[in-house]
Amino acid sequence: MAIEEMEKKYRISDIARELQVSPQEVLQFVKLEGGKVASTSSMVDQGMRELIFGHFSNEKKMVDETMKIRQEKQRRLSRLEEQSRKTYEKERQLKETLHSASVAPAVHEEKKEPVVPEVRLVVSVPDELVSSEKVEEIEQIEQPVQLEQPVMAAQADQTDQTDQTDQADQADRTDQVIQTDQPVQEEPLEEVPAPKEMPVKEEPSVNEQLVSFETPKNIGGLTVIGTLDMHSPFDRSSEAERKKKNRKKNFKEQADALKSEFDTTVKEEVAADEKGAVKKKPAKPPGETNAATPAGTASTAGAQPLKKGKKKKKPDVNDKVISANIRTTISGMDDSGGTGSRQKFRKLRKIERERESEAAEAFRESQQMIVRVTEYASPHELADLMGVTAKDIIQKCFSLGKFVTINQRLDKESIELIALEFGFEAEFISEVEATAVLIEADEPEDMQIRPPVITIMGHVDHGKTSLLDYIRNSNVVAGESGGITQHIGAYEVTVESDRKITFLDTPGHEAFTAMRARGAQVTDIVILVVAADDSVMPQTIEAINHAKAAGVPIVVAINKVDKPEANPEKIKTQLSEAGVLVEEWGGEYQCQEISAKKGIGIAELMEKVLAEAEIRELKGNFSREINANGIIVESELDKGKGVISTVLVQRGFLKIGDPFVAGNTMGKIRALMDERGKRILFAGPSQPVRVLGFEELPQSGDVLTVMSSDRDARDLAQKRQVIRREHEFRRSTRVKLDSIARQIKEGLMKELSMIIKADTDGSIQALADGLMKIQNEEVKVQIIHQGVGQITETDVLLAAASDAIIIGFRVRPNVNAKKLAEKEDLDVRFYSVIYHVLEDVEKALEGMLSPELHEESLGSLEVRQVFRVPKVGNVGGCYMLEGKVFRDSKVRLLREGVQIYDGQLDALRRFKDDVKEVDAGYECGISLKNYDDIKVGDIVEAYRIVEKKRKL
C-alpha cells in the first residue's frame, strides 16, 4: 500500500485548480525545484506535491477560508429562504381564509337557498355602550377600532382589495337580506343623545368600525352574516393598548403602498359622491328611531348620532366615501398631509429645500475642515492655517516620533498626518496659488470693448507665419530657421477698418505642445490654418483639441488654394471627421479659402474674425486706478538689456515705474516696447508689450501682477522662492534615493545625460518636454542642467564631471568655454531646429538599447539510425528533411513532439568527412555536445539567434 502511495502521480493543472492559483506559477515553481516537467499537463510525485502545497500554503489557507465563508453564507441564505417561505405560506393561508370569509357567505347562501332561508340579523346597541362622554373621546382617538387580530391583519394586508370589492359585496348581501322569505322581528334602536357642538362627520364612526366579518358558521339553520363586538371600544386595558399599537404599526407598513392612490381623481370622486349622497330626509319625532338596516351595510355599521330638537341634513354615506375617508386617515397617520396634488407638491418642495440646506451646510462644514497648504510648509505656517499654536504642532510631531523645530520644513506625508490628527484634511496647492494676489472686482463703468486676441494655429509649413506676414506687411519668415517659427511672438496690427487685432504666432510642430496650450489660454479666437495641397495632420487635430478644451471659437483658413493640386473639399471632409463642421456644410465653424502669398481671401477672413469678436462682446477693464496684470508670453535674455519678457496685458494699464511680481521673480518696469522695438509709455488690455526690469528670468505662462510697493513685491517673491527652493531640494534628494534603490533592485539603467542651453525660456521648456518623452524601461534622458543664454565654462565643467553632452539651441559658447570643451574632449552640439535635436537624441538612445534577439529556423533532420562510436558516444544517422544545417548551428532535439535537448552540434559529417553545411535531401551524421541519448525517430531542428536593432 505504501508503495502504491509513493508511486501515485498528480497532474500540475489539478494541483493548481485545488490551490486556486495559476498553473503557470506552479509549473515555474516545479522547474525551479528541479522537476523535469514540460507543461501544465505533466505529472509530479507525492513529494513534489507536498513541496508545492508548502510553497503555496498561504494560497491554500485563503482558499479554505473562502470556502468556509461561502458555505456559511450559503447556510444563512438557505435558513433565511426557509423562514421567508414559511412566513409567506402562513400569510397566504391567512389571506385565503380571510378572503373566503368575505366571499363564502354569499356562495353558501346561494347553495343553501332552496333549503335554508336567509335571516336578517338586527343587533341593538345599548345606551350604556354609547354615551356623550364616549362620543367626545371619539374625536381624540385616531382609530378607536377594537377588532380581533386576524381581522386587522386582513385589513392591513388587503386594504386595496377590500376598497375595490367592498361596495359590490355589501350590495349583494343587502339584496339577499331584503329578499328573505322569513319575517324577522325588528327591534328599534334607542336614540343616542349627542352633544350639540359635535359636527356631523362623513368618516365612519366607532359603531361602524365595530362590525367585522368572520368565517360563516351555520347555527340552527341560520346563516350568520356579521357579528358585533359588544365589548367597550374605550377599554383602557393593556390588551386594548397592544391592539392599538399593532393596528398603527400595520397601517404604517401599508402607508407607502397607499400613497400612490392619493391623487386628484380620488378627491374629485369623493366630492362628486358626497354631492350625490347628501339627500334631504324628513324629520322624525323624538320618540321614534331610525329603522335598522341589515348588518354589513355602512348605515347600520356606523350611523352618525342625531342632534336633538333640530332638523338637519344627514348625508347618506356610501362605500366610496368610507374608502376615501379610511385612506385619508391612513395618509394622515403617515404625515403625508392632504391628498391634493398642490399640497403634495408643497410638501415635496419643502423636503427638497431642507435637504439642499442640509447638503449646503454639510459642504460648508467640510470646507472648513480642509486646510489648503503648500508642500514643505513649516509648523508655524501650518499652525496659522489650522488655528492652533505652533507648540501644539511640535508636540504632536514629538508624539508621532518626529523631532522638528518651529521653522523646519515638513514633507507632504508629515503634513497630511498632522492635519489628520487635528481633524483636518490637507489639500496641497502650488506656491503661486498659496501667495496669490487678490484682484479687485471689475466695475461695469470701467469695462470697454477691447481688441480681440487671435492665435494662429496649424501644422508645420501650412502657412501660419506667411499669413501673419501678409497681415503685418513685413517679412517675418526670412528670419526663421527653415521657415519654422521657433518661439511665440505677439504682434498688434491695425486692419483696414481701423480696428486693432492682437496676433499670437505659435509654433506648429508637435514639440511645442505646452507653448500652444499657453497660447490657447490667453486667446479669444483661433485661426486654424490648413494647407489645401496637404491634409489634416496630427498637429492640426492637436490644435483643435487645445482650442476646444479652452472653449475658444475656431475660424478655419484653408491656405494655398492658388496651387494646382489644392483640394479644399477634401480638407473640409477631413475637418468634419475631426469634429469641425464648417458653416457651408451646416456646421457652426466659419471657413475661408485664402492664399497667404497672393493675399486671396485675407480681407474676408478678417471680416469673419471681427464678426466673431463682435458676437463675443469682448471687454476689458480700462481703469487707470487699478493694479494691472498680464500673462508672460515669452522671455529671453538679451546681452545688453538683460531679461526681456513679452507680456500680454489683461486688465488695467502697465506704466513705467510700476513694481511687479511674476512667478518667483519681481522687478520694476524700466521700459516698455512694442514688437518693433519702439518705446511706449503705457500698455492697455489686449496689447502685447516687451517689458524690461525683471531681476530674474520668468517662465512662460506666469502671471505678472503690479503691486502697491517694491517691498510688497519683494516679500511676495521671496515667499515663493523659499517654497520653490525647498521643493526642488527635496525633489532632487528624493530622486537620487529613488534612483539608487531602483539601480540596486533592477540593475543599472542606461541614461543619456545632457545640458541644454537655449535662447528663450519657451524653447527650453519645449526641448525638455520633447526629450523626456523619448525613453523606455532601459534608457532615458537625464537633463542635469538647463538655462537661457550662451554656453559658459561652468556648463563645460559640469558636463565633464557628469559625463554629459551639451546641446546649444540657437546659442554658441564663449571663447573660453570653447577651448575648455576641446581640452576635455566633450561633445557639444548646436541646433537651430528642434526636430533635429529630437531625431539625434532618439538615435543615440536607440544605440544604447540592447539588441532584440530573434530565432530564425534553418531546417530539420530525422534520425533514422543510431551508431555507437567508441570514445564519442551515440551518433545519429540523419536525413535532411528541409532547409539547411550548419556546423555551428544551434539544435533542438524533439521526441514525440516534446523537447528533450537544446544545445549545440558537436560534429557534422557526410560519410567520413567533416562538412560545414548539409542541404535538404542529403544524409549526414551528427553528434550533440554533452548529450548522446539519441533514438531512431527523433527530430532535430536547426536554428540560429539573430540580433535585431531595437527602436524606441
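Just so it is clear, glycine is given a Cβ too, placed from its N, Cα and C backbone atoms.
Note that the structure is predicted; figures quoted are calculated from it, not measured.
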Which of these ranges is annotated region 'G2' in Swiss-Prot: 213-217, 483-487, 728-732?
483-487
Quick check on the annotations: Swiss-Prot lists region 'G1' for one of 338-345, 458-465, 850-857. Which range is it?
458-465
Asp461 (GTP binding site), number of other Cβ atoms within 10 Å:
16
Express the predicted model's confidence over the region 'G2' (483-487) as a mean pLDDT, rounded to an integer.
47
Which residue counts does DSSP give the region 'Disordered' (74-95) for helix, strand and coil?
22 helix, 0 strand, 0 coil
Helix, strand and coil totals (DSSP H, G, I; E, B; other) for the region 'G1' (458-465):
2 helix, 1 strand, 5 coil
Helix, strand and coil residues within the region 'G4' (559-562) as assigned by DSSP:
0 helix, 1 strand, 3 coil
